[in-house]
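Chemist: The structure's right below; bear with me while I get my questions together.
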Amino acid sequence: MALKIDDKHMQLNNQELKELCQLACLAATEAGRMISTFSNQQLQIKRKPTQNTSLGLSGGTSWASQIVTEVDIKSQELIIKQLSPSIKKYHFGLLTEESMDDQSRLEKDYFWCIDPLDGTLPFTEGKDGYSVSIALVSKEGAPIIGVVYDPAKKNLYHAIKGIEVCKNDNELYLKHTSKNFTFITDRSFITHHKFKQIKAGLLKHSQSCGYNTFTHINQGGAAMNALWY
């Protein structure tokens, strides 16, 4: 049975999706192991320019979004090398964190979306919360495959839409209810002038809804913050 997005899309069957997921898992794991060979003392840290340049790098306004290391670049090179055969075979587009957007994601039925080192800031600080993140996404922005490798804990997470969600190849089952209210943000939000007001409001709301505890997660990159939840 093929995964159906709409009648205009190239159809990928379940076997193809599983093979593509395995390929992404291999790429993420290989990149993650390479990342683990570096210590923060070895890093050459650069800042992304705030606008596109000939380097193809563009940073946001926060420090976390602007730093880039040699590890980011090497990780991306490893991943693209692993995924290149699938890009050629299926005519996938490509969107990466450390390269200029070539707009292929808007033209192809699917594209690989790669963050070779999500959570560069905690990585440079020698803290948990960084990961390798790879996804196969439809032109419309629907995630089809998701892979996250946590180099610090050596955990591999993967999901295929409508088929499976696993941690280290063991199927995951999410709880439908929880007594804990979890508030997930990036670290830059802590400096927002309304942060304390928003957090206090959410705490009050969570208590009125019957939640027993309130947890604020902000240490890692987006992928690990979500997985820690």
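Backbone N, Cα and C atoms are what each Cβ position is placed from, and that goes for glycine too.
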Chemist: Which one of E97, E98, E140 goes with D115, L117, D118 at the Mg(2+) site, as TrEMBL has it?
Modeler: E97
Chemist: Counting across all protein chains present, how many other Cβ atoms fall within 10 Å of the Cβ of E97 (Mg(2+) binding site)?
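Modeler: A count of 18.
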